[in-house]
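Database features, via Swiss-Prot:
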{"type": "BINDING", "residues": "ARG127, ARG167, GLY173, GLY174, LYS206, LEU208, GLU213, GLY239, VAL240, HIS241, GLN282, GLU296", "note": "ATP 1 binding site"}
{"type": "BINDING", "residues": "GLN282, GLU296", "note": "Mn(2+) 1 binding site"}
{"type": "BINDING", "residues": "GLN282, GLU296", "note": "Mg(2+) 1 binding site"}
{"type": "BINDING", "residues": "GLU296, ASN298", "note": "Mn(2+) 2 binding site"}
{"type": "BINDING", "residues": "GLU296, ASN298", "note": "Mg(2+) 2 binding site"}
{"type": "BINDING", "residues": "ARG709, LYS748, ILE750, GLU755, GLY779, VAL780, HIS781, SER782, GLN822, GLU834", "note": "ATP 2 binding site"}
{"type": "BINDING", "residues": "GLN822, GLU834", "note": "Mn(2+) 3 binding site"}
{"type": "BINDING", "residues": "GLN822, GLU834", "note": "Mg(2+) 3 binding site"}
{"type": "BINDING", "residues": "GLU834, ASN836", "note": "Mn(2+) 4 binding site"}
{"type": "BINDING", "residues": "GLU834, ASN836", "note": "Mg(2+) 4 binding site"}
{"type": "DOMAIN", "residues": "131-325", "note": "domain 'ATP-grasp 1'"}
{"type": "REGION", "residues": "1-399", "note": "region 'Carboxyphosphate synthetic domain'"}
{"type": "REGION", "residues": "400-548", "note": "region 'Oligomerization domain'"}
{"type": "REGION", "residues": "549-930", "note": "region 'Carbamoyl phosphate synthetic domain'"}
{"type": "REGION", "residues": "931-1051", "note": "region 'Allosteric domain'"}
Amino acid sequence: MRETPKKVLVIGSGPIKIAEAAEFDYSGSQALKALKEEGIETVLVNSNVATVQTSKKFADKLYMLPVVWWAVEKVIEKERPDGIMIGFGGQTALNVGVDLHKKGVLQKYNVKVLGTQIDGIEKALSREKFRETMIENNLPVPPSLSARSEEEAIKNAKIVGYPVMVRVSFNLGGRGSMVAWTEEDLKKNIRRALSQSYIGEVLLEKYLYHWIELEYEVMRDKKGNSAVIACIENLDPMGVHTGESTVVAPCQTLDNLEYQNMRTYTIEVARSINLIGECNVQFALNPRGYEYYIIETNPRMSRSSALASKATGYPLAYVSAKLALGYELHEVINKVSGRTCACFEPSLDYIVTKIPRWDLSKFENVDQSLATEMMSVGEVMSIGRSFEESLQKAIRMLDIGEPGVVGGKVYESNMSKEEALKYLKERRPYWFLYAAKAFKEGATINEVYEVTGINEFFLNKIKGLVDFYETLRKLKEIDKETLKLAKKLGFSDEQISKALNKSTEYVRKIRYETNTIPVVKLIDTLAGEWPAVTNYMYLTYNGTEDDIEFSQGNKLLIIGAGGFRIGVSVEFDWSVVSLMEAGSKYFDEVAVLNYNPETVSTDWDIARKLYFDEISVERVLDLIKKEKFRYVATFSGGQIGNSIAKELEENGVRLLGTSGSSVDIAENREKFSKLLDKLGISQPDWISATSLGEIKKFANEVGFPVLVRPSYVLSGSSMKIAYSEEELYEYVRRATEISPKYPVVISKYIENAIEAEIDGVSDGNKVLGITLEHIEEAGVHSGDATMSIPFRKLSENNVNRMRENVLNIARELNIKGPFNVQFVVKENTPYIIELNLRASRSMPFSSKAKGINLINESMKAIFDGLDFSEDYYEPPSKYWAVKSAQFSWSQLRGAYPFLGPEMKSTGEAASFGVTFYDALLKSWLSSMPNRIPNKNGIALVYGNKNLDYLKDTADNLTRFGLTVYSISELPLQDIETIDKMKAEELVRAKKVEIIVTDGYLKKFDYNIRRTAVDYNIPIILNGRLGYEVSKAFLNYDSLTFFEISEYGGGI
């Protein structure tokens, strides 16, 4: 008999960080849906304001609080749930669940853990317990020993024998893990590894050099029935974190014996931890014989399970939630197929490729080599019917300016064979580009295998693409058969046109004349063997007919956000999903085009039709040819839609909302600056970078510092503050590289100004706007800034002038839909610095803070007009809301932590409060590794900017109970100083509770900042924020823990 709980608490994962991203928005949303179907009341704790999950429609009650045990205890005390789900919020949620269990909170309030129990979680996540469990069950694991101290680690590594893989228990994204080739390597890094473990434990394991890494996804119910859902093959060998690896599904190089043996072991691993729900099991396979080891398991929804779910069409998170409620596999219907029960193992008639997306160029000093720690910030997934087609599509999806395996910047560079092999040996990101270059320059398969350990099967495929492309280049014209073969191998129109030295339009014309167009295929989990009710599709040239009939009517295609990177994250998926829902009121059919496996928008039951495919002019035009969409919406998915808007419009596509020509004016720095001059709106002095002579003259006239700003970029890519001529010339060179087709603008950088923004919606005549004020001064990228609603320091007069400016721009550009305007305010003058004619990164926050969905309002503005009498309307604020940035410094090996005009954060959290400090502190505490400092500990406060704020910060921290030191080389008035060496020593000894600093001081304090983030010590990189947070510490006892609607927020 199944006992259904009446109220269930679901723990989210908090803000997006490297290794814990939007996959938990997807999995948590599915879990909440599964609970709702059962009539169960749901309560969600999650501080990630950007997610779809933290919209009211998913959970009955939402608490936007730090995802830590003491905050969750307050919710349990108030809500009294019967059950708790901790398997849908990543490692963060599991850690909270274990803490609540150990501290007796679950027992005290009689809350039952649903799904895999705590002892099973501990068996899986403690490296020592996992090893013991596997050995007890006669399951093969590599030779290894655990350790809980530096001395024990050094002793046990000698027993295991070098090289050793250091694995970290209860850990996220391999943080702190490494391969130690010698004792010296181990001694240098073992303290950091132990610091990154939630329980202070590591495993020293024999390093399996160049072994193949594989993952299996398994479902298991309370009766022990199991179904293996996917086998995923990592192309990168052991030693590269699976989140950093290019992977394919189904596995391509296993024989039946290998596949079946590991499948059996997977089921045994699930049984040994008494899994209820879903887990993934990772294996190492000897490429030269039938020898395999079990490496680890994650007893929760994970990045891999999100990928497996999207790759197979099997709704893992939904089914897992049902199993946690006590269902058996045969009782749950697979909602994607609509025909089969959850015990059916999927069958695939296509190949899926996942490639991670890195943004390492944004960080100074970061280690560029891929290793055991995850550094990628997002991923893409492509679907094709040949490996070549799937791989080339995935490379284009990365949006890194490469058209596929061949024909791009790397392939056409002057790099020699030796240089390409060197990059491959160093494990640089996007290895397939260097492999293709090496083959082009004459490298053999064996030479590339020796430096990479990548299976020869895949290397042969890449070499085949190189050979085909070189043959293509020798042709003057292309015949129908060669063109069809090229398309089947995944070549884009752009690649083919480059090879033939023709235009893209020429290739498209021949394609249409020869009827060489892709066909639409369904993902149904059943390889077409059973009829299915799915709406989940992709396009391929390896097919002869479409799997669907295309409907007529008033139809909308929404362009998704693509793969996440710094600057494009889950907030744009929120916009896409909001637009889907709003659009269904105005269109007969709404479809979405996206290729991110982590997101809610690519879930099977969100869109009427989901096209899991490339976002490009070529693909959109192909889809319009088939589907006859009346409109295409490019404004909800971040920069990627805006980048193709103008070209789509030039090809006859009707854009929803603001015109492509208006978007071009906003995105092109020179055109936008001229528009502001025409309207008489204040902006910093500027010049378009046409010659070095003019730039030099301008800089001398306005004085340094100046800001270098490329066009059509996101997250401040290559945006730099230049303090000298030398820096100016270097930054202009970089900016023209990143955005060569568009002008680079140099403007006067206004120091010590307040930065503010308006998120808004217009119908071309009226404006609905929300004002956000930054705590940090102008010069810190808005994506890294802490934001407050309502504003605090701006005067009403300034805000009214900002609103007036916005209204004038909206009317001049005939803005129809969402937009965001950024201002700097100095001496009572607001200066406009940027306009984005699309949904903004802050829109989920501003919408939830005010209780009004700006994307829904956008659709009303476009079709019905805004329905208020004023020209400009801002909804009133009922309470305070504060948004904080989440940084992932600890994952980015070697990176120097500092803030500037280029974005560095990976996610965001928000909280609400009855006072500004109530909201600020909960918001700040929601970002890892921030915590309330232990009184009687040490704080370091120093810097070369915002010195008055740093001094006041030091005073506040002293009042809080900390011993505060400044550094003698950068003293603060009346604050005790220590020298730099002593400061480093205190940080390494983990005696420092918090660091507050400001300014770019890499030559001086690199070791202090880097060691702090390696050891999980909270660090605040701005004096103004440090002051406000330190003041909030003094009000710690008055924090409130209300449900979001009690603060008047939520949508």
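All residue numbers here begin at 1 and follow the chain in the order shown.
Each residue, glycine too, has its Cβ placed from N, Cα and C.
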Checklist entry - Any idea what the Cα distance is from LYS206 (ATP 1 binding site) over to ARG709 (ATP 2 binding site), rounded to a whole Å? => result 49
Next on the checklist: At a 10 Å cut-off from the C-beta of LYS206 (ATP 1 binding site), count the other C-beta atoms across all protein chains.
Outcome noted: 16
Next on the checklist: When DSSP is mapped onto helix/strand/coil, what comes out for ILE750 (ATP 2 binding site)?
Outcome noted: coil
Checklist outcome for this item: The binding-site residues listed are ARG127, HIS781, GLN822, GLU834; by CA-CA distance, the one closest to ASN298 (Mn(2+) 2 binding site) is ARG127
Item to check | Structural state census, the region 'Allosteric domain' (931-1051) (DSSP three-state) | outcome: 54 helix, 23 strand, 44 coil
Checklist entry - Among the binding-site residues GLY173, GLY779, whose Cβ has the fewest other Cβ atoms within 10 Å? => result GLY779
Item to check | Listed in sequence order, residues with CB under 8 A of GLU213 (ATP 1 binding site) and six or more positions away | outcome: ASN234, ASP236, PRO237, MET238, VAL240, THR242, SER245, GLN282, PHE283, ALA284, LEU285, ILE295
Next on the checklist: Using a Cβ cut-off under 8 Å and a sequence separation of 6 or more, which residues in the same chain sit near ARG709 (ATP 2 binding site)?
Outcome noted: ARG669, MET719, ALA735, VAL744, VAL745, ILE746, SER747
Next on the checklist: To the nearest Å, how far is the Cα of ILE750 (ATP 2 binding site) from the Cα of GLY173 (ATP 1 binding site)?
Outcome noted: 39
Next on the checklist: If you measure from the CA of GLU296 (Mn(2+) 1 binding site) out to 10 Å, which binding-site residues from the list ARG127, GLY173, GLY779, HIS781, GLN822, GLU834 are inside that radius?
Outcome noted: ARG127
Checklist outcome for this item: As a whole number of Å, the Cα atom of ARG127 (ATP 1 binding site) is distant from the Cα atom of HIS781 (ATP 2 binding site) by 40
Checklist entry - Nearest to ASN836 (Mn(2+) 4 binding site) by Cα distance: which of the binding-site residues GLY173, GLY779, HIS781, GLN822 is it? => result GLN822
Checklist entry - By CA distance, which of the binding-site residues (GLY779, HIS781, GLN822, GLU834) lies nearest to GLY173 (ATP 1 binding site)? => result HIS781
